[in-house]
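Please read the structure below before turning to the comments.
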Amino acid sequence: MVLMKNCSANDTACNAEKIQIIRENQFIVQQFDAFAKIPSGLMNLPIVWQGSYEECSSVESPYKNYTTQFCWINMAIDTTLITGEKNVTYVETIQVPVLKFCSATCRSPDPPKKNAWFWIVLLKVKIFFGFSGIPVLLTFSMYTNGAEILSTVKRPGQIDCIHCLRTVSMTWVLVAHVITKYAYGDNPTGLLSSAKYILNDAVFNGFPSVDTFFFITGVLSAYLFYKEMERHPRSLKSPVYWTLYYVHRILRLSPPYWLFLGFYVVLYPYYTRGPMVPTDIEPCKKYWWRNLLYIQIFFKSEDLCMGHTWYLSTDMFHHIFAPLLLVPLCLSKVAGVVSAALLIAMSIGATYGTYYKYDLASNFFSGGGQDMEKFYLFFRYIYGVPWVRCTPMIIGILTGYLLQKLQKRKIRIHWFIAISLWLFSLVLAAVCVYALYDALRGKTHLSTAEAASYYVFHRIGWALSLAWVVFACQFNLAGPIKNFMELSFWMPFSRLTYTAYLVHFSLIDVIMAVSPVLTSYKVPDIVTFVLAFVWSCAFEIPFGKLEKMATAALVKGRLQRPPKEKQIVLISYLKNDQAFAVLLV
């Protein structure tokens, strides 16, 4: 503390000394101003009281070895204050000790040191973008790859409505994840109050959006598999084919995923200097190898690196075990149906058993998110595991099988039956999303049996609804719906959904990290697809081309090369005083 004596108006030396003391200690005022303060709007329970990270980091002291550091304290708040129970009054929340200090976290204003991993990742980026003259790396042409993404040329034999399903589902996932981040905002009561509107259930219970991707994976896997078996029946018993079946999946998805993982873990601290740090940075530094092996879903959810990549792990295991249904269905319709029924029954049994063992909620927002222990159990044993989430993919495989086997036939259904099936499909989809209306608002408490039943059958119902949509569009039973879903507009966005899913969660973290004030509500859809476009051009498409070249080399023994140019040689000579010419090609 600095003590200053009173000076008279005529005491020039005293006043000069006083002004000098104030100037030397101006940093104290700046530092105090950077502290968090109680904000306005306490009735809305702002749970984050954030100071100024920039002001704190810019404090300059005349004293040697005096530095500042931005820290924040995590506190636990009585959940009754947020849920708004009737027996809690404003006076009680002020008088009773409702806050408990849990932990403190600090972030240094100094830039992180550039370690070996930083230079390795930077070198890889330089290699990819700096040596395009090498023939193989011509596949990394941004111009060519960008043109492929933006192309709207339709090819025969494709399932065109898939593009619409992908784009809409990815947008749905984006909105839901931004809403999840909004829970960390400065006004959680705004998030909770929005739950009273029924249309918002599409966000709070938007988990079927992920099941759509599992369903699409099943459809395309079966459709392409049975098309290959129809052209080359011997491939079913070919070790080379089955080797390529798995190698293709790994090489198709892994390079952009692994590169972004390295980019996220190593380079993230260098381009974000804000106060908010993602909680999964430290787990990524310890457990990155789990992501490389696609096994992160089998460990504690608290230790997840890039938590949204649980989907990639689950999807990979679905693909690994898909032949358990693909092969029997190829050999016999009866064997395929029996295999599908057994797999679905096993999934249902595992889900019910897990629910009864841990007494879990129907989803994160209907009780599972209030108890953090139940939250982690729900995520680890229900939400992300392949044997629970496999039913949409199984139904997708059956759908893809039908599409391939019936593609040369003209399906005719009476208009009344077609309309009835459309109405049933739409109602079924709505029930899957809005069945938890009362449970999400605390008006009804679901028993363990009810929660398990909803979780099991709403995903089956959702997949069946999608199956009819795809079937109807493919066989001209959808009218204007088919025209809308098969617009060329959807195609570029559909091709970007994979990389958009990779980058979107980290992009939201960056927005929150670099923001000087807490982000309230942003839906970075456009920025996500722009970044996805760049990442897809730089890594996804190039490695896809390289994978095709490697496959050609493995199967045919050499890379496909263009035919040699013909050489023309003209030989002229004289014979019997006559000129002759021979043209050699």
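In case you wondered, yes, glycine gets a Cβ from its N, Cα and C as well.
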Which listed span TrEMBL calls transmembrane segment, if the choices are 168-187, 308-327: 308-327
Residues of the parent chain within Cβ reach of the transmembrane segment (415-437), under 8 Å, 6 or more residues beyond its termini: 198, 201-202, 205-206, 208, 362-363, 366, 454, 458-459, 461-462, 464-466, 468-469, 472, 477-478, 481
Annotated stretches the transmembrane segment (526-543) and the transmembrane segment (255-271) touching (3 or more Cβ pairs under 8 Å): yes
The transmembrane segment (375-403) vs the transmembrane segment (204-226): 3 or more CB pairs under 8 Å: yes
Result, the transmembrane segment (255-271) in contact with the transmembrane segment (457-477) (3+ CB pairs under 8 Å): no
